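Chemist: According to TrEMBL:
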DOMAIN    87-167  domain 'Cadherin'
DOMAIN    168-276  domain 'Cadherin'
DOMAIN    277-391  domain 'Cadherin'
DOMAIN    392-496  domain 'Cadherin'
DOMAIN    496-618  domain 'Cadherin'
TRANSMEM  613-642  transmembrane segment
COMPBIAS  753-770  compositional bias 'Low complexity'
REGION    753-774  region 'Disordered'
Amino acid sequence: MPERLTEMLMDTWTPLIILWITVLPSIYMAPMNQSQVLPSGSSTGLKRLNEEQRVLHRSKRGWVWNQMFVLEEFSGPEPILVGRLHTDLDPGSSKIKYILSGDGAGTIFVINDKTGDIHAMKRLDREEKAEYTLTAQAVDRDTNQPLEPPSEFIIKVQDINDNAPEFVEGPYHATVPEMSVVGTFVTKVTATDADDPVYGNSAKLVYSILEGQPYFSIEPHTAIIKTALPNMDREAKEEYFVVIQAKDMGGHMGGLSGTTTVTITLSDVNDNPPKFAQSLYHFSVMEDVALGEPIGRVKANDLDIGENAKSSYDIIEGDGMDMFEITTDAQTQDGVIRVRKPLDFETKKSYTLKVEAANIHLDPRFLSGGPFKDTATVKIVVEDADEPPVFSSPTYLLEVHENAALNSVLGQVTAHDPDVSSSPIRFSIDRHTDLERQFNINAEDGKITLATPLDRETSTWHNITIVATETRNHSQVSRVPVAIKVLDVNDNAPEFASEHEAFLCENGKPGQVIQIVSAVDKDDPKNGHYFLYSLLPEMVNNPNFTIKKNEDNTLSILAKHSGFSRQKQEVYLLPIVISDSGTPPMSSTGTLTIRVCGCSSDGIVQSCNVEAYVLPIGLSMGALIAILACIILLLVIVVLFVTLRRHKNEPLIIKDDEDVRENIIRYDDEGGGEEDTEAFDIATLQNPDGINGFLPRKDIKPDLQFMPRQGLAPVPNGVDVDEFINVRLHEADNDPTAPPYDSIQIYGYEGKGSAAGSLSSLESSTSDSDQNFDYLSEWGPRFKRLGELYSVGESDKET
């Protein structure tokens, strides 16, 4: 402990001594000020300073010591002296008072107002605050008047090695592949030290391993962890616990240290082949097991994990390669052996297989270590079974022929009580699964019987649930599903797959295949369908046609001769008997219709009707239909053209330059002219006929009801439109019941003195031929157009 304290003091005071030696020469050259700040133990420097002042006679400025030091974590019986303030104005008469202000003044740092000594009253921590900025000033003790401007200085807290390194991010976890070479990077750790990294070696760290050798190593300065031992095997040891130490003071004695843990896990690589747990496996299987059902499992263990442990299974040898198959269970990595084809105890009672397990994902680095595969032998014994055991498996499969007699036993289920008392069991069928009540079960022995006839073509499978209940405790109930497969019997006769109609060319050759027909059978024999075709006994010696059985279970119809003629016979009927190979065999007769047709030279059918002979030579039916359609279309066009010509009339629409109807200027009301300056007088515009009391029209609907007019006959072609309109206008004027009951205003007076004269045709010459409207063209474009319209009307009348 004394050695440790001595080392700490040396590390602390050595910078102070160096600083004093470095700064001291500059004291003699610095300009002087009214005040000075000196560290403790600087009386010699102060003395030499005063001598230099007297020699240079510089009293305006004093030298400023603007930095002091205090050791952190120092605790003694007395406050520690940090430094002393002194001014040249102090003659030693105690009339000067020193004042201290700033960071920690009065609490942490206290100044003697007479001597200027500054003491630290508390223990300081550099990690909390590294420096303090203070301001000193000398004032007159009596008047408190400042004797010089305030002077600012800094007190720095000197660091000591009082903080141990810390791993802030620890503990660490890292992984490295197994079988890695020496020097493989694992991870990097980092420690921090709160001490001053600039001052001394307090924050200079060195790393080392306390636990984890000889497997791993660490770089002392970079803290990089690497593998130190080759070929570390994960299967031997997967996880390593490593303790890392960080020591300050450059790792020297007396330095503080901190530790952290690094858990290093070896990741897996594919360096182990699969191995079967045993070299020989024995399995037994019932001969009536359903196809695809698993009969056993084999397991090849792999010390690797994950993707590296996955294996695939194959059957590479044996006498049952076509009877069985093996697949890989993705969850358990087991090899599951399943039945591929139906088994028959009487035919073969056992099989021997050789299965192989091989890794799926290989690592090329370890291929030289040997093949990553293994083999095992599997012996399978086929057992003769009347019925499957009850409740020994989760489901049951029963088979029954569709022609089975009622009350015949389909199978038997049994259940036993695992208790010592061995309670008797009663069996029943859950009728929710057998709504049609097609099956019954014996409650004592569990025999399942048939209650209603079965039809495989209607339903091949029946799924029922058998309930087993203990007679002594009815709450003890178990259920098992039973799948009943209805087996096929030959109870359906084969028939043609579709209705066939064959076409025979008149120019066909003997032995030519006319038609290929196929048959279907609703039954489903295990060995597939095989049909026999034949002609009726009375048609065996058919002079026209014969049949030939094909290898694909179809039938070809062939012609025996050539020279068939539609005129002689257009249609032939050929009865064919179709029989299956079931027991007992079923048969049916289908009739094939053969139609004689006319064909082209390359055998393409063109016509199959006798009427085709009356057609012109070289024209097909399609061409004749096209020609007939064209003729009908031409006739329709001609008829439409003639009809339109007959109904063509004189144009009822007047040409644009003669159409007065679209250019009539309507005068509803007209004033009295330029001389009329008074209000409108309706009396001057009254119809003279109205004064006499005769009004041909009324503005209201008259009370007198006229008989409806008879419809006029259609206007004949060529009638004058003007005459037609006048007749209709006269008719409407004389019919007071015709809406809209207009009233005609007759203007018998127009103003006088107008330069334009009268525009009305009233009171004009009795002869319309006297009128000359050329003068209207002088009044402007509108009146010119009006004159042209009236001139055209006059010329039309004369014509």
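Along the chain as shown, the residues are counted starting at 1.
Placed from the backbone N, Cα and C atoms, the Cβ positions cover glycine too.
Tell me what's around each of these sites.
Modeler: Counting residue by residue with DSSP, the domain 'Cadherin' (392-496) contains 3 helix, 45 strand, 57 coil.
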Chemist: From the DSSP assignment alone, can you count helix, strand and coil residues within the domain 'Cadherin' (277-391)?
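Modeler: The breakdown for the domain 'Cadherin' (277-391) reads 10 helix, 55 strand, 50 coil.
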Chemist: Just give the helix, strand and coil counts over the domain 'Cadherin' (168-276), going by DSSP.
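Modeler: Per DSSP, the residues of the domain 'Cadherin' (168-276) fall into 3 helix, 46 strand, 60 coil.
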